[in-house]
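Peer 1: So that we are looking at the same thing, I have put the structure below in structure tokens.
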């Protein structure tokens, strides 16, 4: 079922890419966008995880270099009945975490140094249980594919702005308004896609974490600390295109009506409320 969802997502994003390619370059733009979309689908499926990990300078660790962290991930992988994922630490002092990969057999979980310094061992386990739930539910591929396409859509939007401003011939000038509209709409379309993908899967992963650890309060405490920290600081190298992958939106501290309207995560208050309901039912 999750593979079907991923296929639908990749097809939908390719169609959006082709539509805006047509607005910018007519029939030739559609053809170019189609070829690029095919290449991006292939690239996203096999390499999106590596791209995201490289962007955040994630360092792979093992049981010798990070024994405690590795042991927690191994324990959760066994509980979730999934293969042991690769484990990475991001040299970043803002606490956060994400999972990536195309399937449970090729998964990776990454945490920042700041998260390891801020949270207790139980809270770290709650966060990692959340990420392992993403792995088990195949959310990781969908999130990685969406991140790559959102980045490409942002690039296409910049091309549209360039074409609208610097188009030299009469036809380009006549299409200038369409290009400007495309440049405005494309990032919004990318944000809506990320929002639709992320909000429901975060609730699902929170519930999965509670089920894996049998201690919802671990994740409740972790989310509260992470949210409080994120309100005052923003991650270095964080991009809006990959924000939906993190357990807490790295741009939580950015206060604007636009960012609130298109936020990629449900509110931490609502997530904690749902976890408290799960706790009471245990």
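Glycine too: its Cβ is placed from the backbone N, Cα and C atoms.
Residues annotated as active site in Swiss-Prot: 131. For 130, 134, 202, the entry in Swiss-Prot reads Zn(2+) binding site, with the evidence type sequence analysis. The annotation transmembrane segment is assigned in Swiss-Prot to 6-26, 28-48, 140-160, 177-197.
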Peer 1: Take the Cβ of residue 202 (Zn(2+) binding site) and count every other Cβ within 10 Å, whichever protein chain it belongs to.
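Peer 2: The answer is 26 other Cβ atoms.
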Peer 1: List the residues in the vicinity of the Zn(2+) site, defined as same-chain residues other than 130, 134, 202 with C-beta within 8 angstroms of the site's C-beta centre.
Peer 2: 99, 131, 133, 139, 201, 204, 205, 206, 208, 209, 247
Peer 1: Provide the number of Cβ atoms within 10 Å of the Cβ of residue 134 (Zn(2+) binding site), excluding the reference atom itself.
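Peer 2: A 10 Å sphere around the Cβ of residue 134 (Zn(2+) binding site) contains 27 other Cβ atoms.
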Peer 1: Around residue 130 (Zn(2+) binding site), how many other CB atoms lie within 10 A of its CB?
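Peer 2: For residue 130 (Zn(2+) binding site), the count of other Cβ atoms within 10 Å is 30.
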Peer 1: What whole-number Å value do you get for the CA-CA distance of residue 202 (Zn(2+) binding site) and the residue listed as 'active site'?
Peer 2: 10
